[in-house]
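Chemist: Dropping the structure in here first, questions after.
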Amino acid sequence: MSADTLATAKPAVELEGITKRFPGVVANHDIRITVRPGTVHAIVGENGAGKSTLMKILYGMQKPDEGTIKVDGAEVSFRTPSDAIGVGIGMVHQHFMLADNLTVLENIVLGAEPKKLGLLDTAAARTRITELAQTHGLRVDPDRLVEDLGVGDRQRVEILKVLYRGARILILDEPTAVLVPQEVEELFQNLRELKSDGLTVIFISHKLDEVLGIADAITVIRRGTTVASVNPADVTARQLAELMVGSELPTPETRESTVTDRVALTVAGVTMEADGHRPAANDATYLDRLRAEGARLLLDDVSFEIHEGEILGIAGVEGNGQSELIEAIMGIRPAHGSVELGGRDISGWSTLKRRESGIGYIPEDRHRQGLLLEASLWENRVLGHQTRSPARRGIWVNRRAARADTQRIVKDYDVRTPSVDTLALALSGGNQQKLIVGREMSGEPKLLIAAHPTRGVDVGAQAAIWDHLREARAAGLAVLLISADLDELIGLSDSLRVIYRGRLVAALDPSDITPERLGGYMTGAIAGTEES
Amino acid sequence: MPAGLNRALLTVIGAVIAIVLAIAISSVAITAAGASPLAALGAFFDFGSSPRTVANGIATFLNRAVPLFIAGLAVAVGFRMNLFNIGVEGQYRLAAIVAAYVGSTFTAPAPIQIAVIIVVAAAVGGLYALIPAIMKVTRGVNEVIATIMLNYVAINLASYLVRGPFSGQRAEGALNTTTPELPESAMFPNLNFIFDWFGQPEPTRGGGVWGFLIAAVVLGVLVWAVLERTRFGFEIKASGLNGPAAAASGVNPKKMIIAAMVLSGAIAGLISLPELLGDKGAYTSTFTAGLGFLGIAVALLGRNKPVGIAFAALLFAFLDRAQGALQFADVPASVITIIQGMIVLLVVVANEVTNRFALRLEERRAAQQLGRNAPVEVAA
């Protein structure tokens, strides 16, 4: 927002002091972004940093509580997305919003159909689409059914759909998440053409190498607010990663090693297909064939061991297979390969049996997988333990014991709540998380899967959760830690693995690695394996 | 005030407002139909002039409420986990005819005879509901579509059975087809003696107050205990509130769908028994229809909780009883349907509003008690 930027041209989009509160949390706080016209402007930040809320505000899906939005120098106020479309802002969603059983042409005009005598004017639509496609170098066949298209083609249809409605400013939400590398390159080529035609692109991502490859300007969002605006020529992926993660947090250091030689968890050759699990008689040959065919694998031959008293950290840019790995170990999603807990093969077990035999799970998204928001705290204590003491008494739920045990968690884990009968949704994120940690540590687990255990919690709760993890580790618990917070990973883990595109690409020793170097491995900038 | 009580109070207030509004709107419809809303209102409370007609009115009212209550319970079990069992109608019709037929084929002491009929009815209802459940878990067929289609199958199958394989002796000159008469031991004792306690004449119409009322109350308590107190009920609740969280906690979604559907169907199978065992003694082609669909409205009105469903069933039955009285007051009886429709519509809206309000209130209360009125913390 320097004076000379304003002098050269009016910014395409200017956000000033945008703040958005939800009950109990502030999702965006004093956001300031200036996007110059005819550029690709990247907005980066971890998941949960507030990027999607910001984009919803810019696209008129949510109203900011404070702050102003200016488009081409004029202040605007959006009530619905159509207001945003009206001033030339279009959004390409991460998850495509296309009707599979319609043609490309029909999808593009859907909702904005050119009409002649009340009928769809196909000829006019075709002319317009071909024209748009040619000027912007977006090749599509307007008569193909969308269901026959690949992911890259579908994305082009989405972009055309937005252009067809006259958008001059395009928001792309994690556009590369679903693409393979060649398609990413193609997309970037398209974006460069759009840029040279004078359009403005706002590109949301957390894949730093890609951002550096395409963006003309980068804004970093952390914990709901803009922390830096940088020129991609002046920064490295590591510096960006540092900005994204921040380093003002207390350092989570584990003291002396408590790693034993007893193996708690063995994961061997776990592989997951992208488009549905097909059981195979001979995993090895089947998977070799898949790889030869170039099929997309969400997890590719992942193997590791965790010992009792060990914290194994998995580092990786989000979306590289972390969630899938968890789901494979938890038995929520089928995968090839084997998982052994304490020497017993649990690959064929149900999620319930795995939990009963001692796997605790702190999910990455506590609202989606961890809590019944509209149920009381004690009922949330029962969740996942419904078949075990103290929550169960024969066919009944042992309400008294469950309440008492929730009371214990509330006390030991410092959950700030009026009572154990309070609904879970009334608690702040940090307190919800402490309840989950307390619950998952109950019933003497042998393995704890902790996915982003301190995401979205305040610094105090963060320190408390780290303490609990360390204590449990000292008591012989094996922990699989997945986190986007590099300080947390390096500070807590006894050993580190890096996951990249579904494969474990490096084994590192946390005692002599810096967040910068780790960031290099995570983005694929540094290849190769270092022995821990 | 405890949080639970707070929420219950809000619900009741919401329901009362909805009912008052529904009556107001219906008054407009009544006026438009050229009748007097006051006369209509009076008719609802007009149980007749002689003690005998009052007794009959009360019996009709209660006898209507019992099957509605059971139907509401059946629907609620599915609703609890976001399963829409629209097939209650078909499940109870099929259960009714099979139970009526099986019951007529043998004679045993009353408790055994009745127990067998109840078990058969529940089994037929449950098995019939198993079909859409299996279709859903194996092939992902939407249970709404499947159950609606199966309703047509069941209704027509029932009319075929009553005329064909399961038909009994038709009385001389009667036009109705019917299954064979149930033996005397199958008939549930009535509750007319209660009228004697108050020195009132016993009702004479439709077999008096059906004794199945007691069974329905027991069923209500059982369903409440299963839903609110057992592990199974907890798993149903968890699946309904948050499917992914339930799955991550080891609740098998497929098993839950099958179990909830079958339980819902088994309860649905009992809907016809009050009438069958209390009055008719056989399944006839004029057997009360539409209870399954009304059950959906009753469950919605009662917010899927047994106590709420009991009140909803009583309200619907109270309105339905006024059929005759309204006609005497020169008000079209279809007014009842309009009021019922309005109530359901408005209660659904009121539920949504009070629910959101209650949750907001809970958040604020918790924040206040913890002394942080402006929580600033970042999450997404």
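The backbone N, Cα and C atoms fix where each Cβ goes, glycine too.
What TrEMBL records for this protein is below:
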- B:12-45: transmembrane segment (TRANSMEM)
- B:65-83: transmembrane segment (TRANSMEM)
- B:90-106: transmembrane segment (TRANSMEM)
- B:112-131: transmembrane segment (TRANSMEM)
- B:143-162: transmembrane segment (TRANSMEM)
- B:207-227: transmembrane segment (TRANSMEM)
- B:257-277: transmembrane segment (TRANSMEM)
- B:283-302: transmembrane segment (TRANSMEM)
- B:309-329: transmembrane segment (TRANSMEM)
- B:335-354: transmembrane segment (TRANSMEM)
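Show me how these features fit into the shown structure, please.
Modeler: Beyond the transmembrane segment (B:90-106), the same-chain residues lying 6 or more positions past its ends with a Cβ under 8 Å from any Cβ of the stretch are 71, 74, 113, 116-118, 120-122, 124-125, 128-129, 147, 150-155, 157-158, 161-162, 166, 168, 179-183, 186, 265, 268-273, 276, 282-283, 287, 289, 291-292.
Here the transmembrane segment (B:112-131) has long-range neighbours at 74, 85, 87, 90-92, 94-96, 98-100, 102-103, 106, 146-147, 150, 154, 182-183, 185-186, 188, 215, 258, 261-270, 272-273, 276-277, meaning same-chain residues at least 6 beyond its ends whose C-beta is under 8 angstroms from one of its own.
Residues 78, 83-87, 89-91, 93-94, 96-98, 101, 128-129, 131-133, 135-136, 177-179, 261, 283-285, 289, 292 of the same chain lie 6 or more positions beyond the ends of the transmembrane segment (B:143-162) yet place their CB under 8 Å from a CB of it.
Listed by sequence, the residues of this chain that lie at least six past the ends of the transmembrane segment (B:207-227) yet keep a Cβ under 8 A from its Cβ atoms are 58-59, 62-63, 66, 69-70, 73, 76-77, 80, 118, 188-192, 194-195, 233, 236-237, 263, 267, 270, 273-275, 277-279, 305-307, 309-310.
Long-range neighbours of the transmembrane segment (B:309-329) within the same chain, counting only residues 6 or more positions beyond its ends whose Cβ lies under 8 Å from a Cβ of the stretch, are 19, 35-36, 39-40, 42-44, 46-48, 57, 60-66, 68-69, 72-73, 76, 220, 294, 297-299, 301-302, 335-336, 339-340, 343.
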Chemist: The transmembrane segment (B:335-354) and the transmembrane segment (B:65-83): do they have three or more Cβ pairs under 8 Å, with pairs 6 or more apart in sequence?
Modeler: no
Chemist: By Cβ distance under 8 Å, which residues at least 6 away from the ends of the transmembrane segment (B:12-45) in the same chain are close to it?
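Modeler: Answer is 301, 315, 318-319, 322, 325-326, 328-332, 335, 338-339, 342-343, 345-347, 349-351, 353-354.
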